[in-house]
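The structure follows.
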Amino acid sequence: MSLLTEVETPTRNEWECRCSGSSDPLVVAASIIGILHLILWILDRLFFKCIYRRLKYGLKRGPSTEGVPESMREEYRQEQQSAVDVDDGHFVNIELE
């Protein structure tokens, strides 16, 4: 016999599964894993933009400053800010008539 004929057998009313009332630990574990997988898949599809954006940009916060003295942290912040600051003297203003 095939697995299909052993698990699902036609009855007088309709198709039924013999293992639906089973208390076999393997069946219970498979059911729990299946339900958890379905819930996680639904959550992933609902919130995938938020989740992957957080993973993509949330992890790029710069180097850790744990264990670094406050004076060095401030110096680092100033260096980063000075690298970002733009010198207005390098731009040419063009006035259209």
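Counting begins at 1 with the first residue displayed.
Each residue, glycine too, has its Cβ placed from N, Cα and C.
Note that the coordinates shown come from a computational prediction; the quantities given were computed from them, not determined experimentally.
When I checked Swiss-Prot for this same protein, it listed these features:
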TOPO_DOM  1-22  topological domain 'Virion surface'
TRANSMEM  23-43  transmembrane segment
SITE      W41  site 'Seems to be involved in pH gating'
TOPO_DOM  44-97  topological domain 'Intravirion'
LIPID     C50  S-palmitoyl cysteine
REGION    60-83  region 'Disordered'
MOD_RES   S64  phosphoserine
MOD_RES   S82  phosphoserine
How long is the line from the C-alpha of C50 (S-palmitoyl cysteine) to the C-alpha of W41 (site 'Seems to be involved in pH gating'), rounded to the nearest angstrom?
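Rounded to a whole number, the Cα-Cα distance is 14 Å.
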Taking only the Cα atoms, work out how far S82 (phosphoserine) lies from W41 (site 'Seems to be involved in pH gating'), in Å, as a whole number.
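Per the Cα atoms, S82 (phosphoserine) and W41 (site 'Seems to be involved in pH gating') stand 45 Å apart.
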So if I draw a 10 Å sphere around the Cβ of W41 (site 'Seems to be involved in pH gating'), how many other Cβ atoms end up inside it?
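Around W41 (site 'Seems to be involved in pH gating'), other Cβ atoms within 10 Å: 10.
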